[in-house]
Amino acid sequence: MGSITSFLIVIFVVGFVTGGLKIRFDRFFAILMLMTVAGKGIRSAIDLFLWVIMLGSLYIILENQEKIKKMPKAALIKFFTFIPIMTFFSSLLGSYLNSLSSNKFLTITLGILALLYGLRMIFIHFKDHEMDHKDPKPGFVKFCGFFGPIISGFSIGFIGTSLKSLKLPLAIKSGKMNAKQVYLGNTMTAFFSSLFAIMWHYIFTPSMEAFDSYIYAISLWASIHFVYDLTNVFFKDKWRKGFQIFIGIALVLVSFKIFSM
């Protein structure tokens, strides 16, 4: 398959799927498509995806900059001091482990995540009232506030994804935390984690494709985002639950293919 053809397939599939699921920055599907369609190796796919997640989260932050400016001082300190510090070190640890791991180990880890993400999409769905909790459980707020950046930083450095699809149900369903606040916090965490991970990956593996082919990575993100916006012009909300289950089943099936690679 030609490079242009594979690129077009990747952006249209990832853009359409994430548009239907309203996933704006942690487009985990891109790693899978880069491996199975574009023929990228596991490390190249992860390194390219770091740019996709970094640019996607940065776009959301810039989109919400006025809202962020109006946030309480304590929240701003956390966003621009605590999160950068924690993700700096946790992404370092994850990136270092990535550099030590074999391609097979990384591939198996990716397959496990694809399986878990798929099962989550099949069985866990948010109800309307769960998206606007006003009274979160204090213990969960402290736990997620402290360990969230550590987990995301490590995960992004190691395998490229922030684990957002697994963390959100825990915070919202179990912790009764406000979905918009959780999402914004996770976006900030993903931005700093991926930014630092790009740096660490380049230090540990100077020939990494994500740094040398950043134009390809930027084009990948911009094109996926365009297809995402186009998809949401016609994609109706009533279709999303069924679509999520369908994609979840597809992810479970893809996970078995990943295990065999």
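Glycine is no exception: its Cβ is also placed from the backbone N, Cα and C atoms.
What TrEMBL annotates here:
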TRANSMEM  6-25  transmembrane segment
TRANSMEM  45-62  transmembrane segment
TRANSMEM  74-93  transmembrane segment
TRANSMEM  105-126  transmembrane segment
TRANSMEM  146-163  transmembrane segment
TRANSMEM  183-203  transmembrane segment
TRANSMEM  215-235  transmembrane segment
TRANSMEM  242-259  transmembrane segment
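With a threshold of 8 Å between CB atoms, the same-chain residues lying at least 6 positions outside the transmembrane segment (242-259) that come near it are 17, 20-21, 32, 35-36, 107-108, 110-112, 114-115, 117-123, 125. Taking Cβ pairs closer than 8 Å, the transmembrane segment (183-203) reaches residues 25-26, 47, 50-51, 53-54, 57-58, 60-61, 64, 67-68, 79, 83-84, 87-88, 90-92, 94-96, 98-99, 144-145, 148-149, 152-153, 155-157, 160, 162, 164, 167-168, 210-211 in its own chain, all 6 or more past its ends. Sequence-distant neighbours of the transmembrane segment (146-163) (same chain, 6+ residues past either end, Cβ-Cβ under 8 Å): 26, 28, 31, 45-47, 49-50, 53, 82-83, 86-98, 101, 106, 109-110, 113, 185-186, 189-190, 192-194, 196-197, 200-201.
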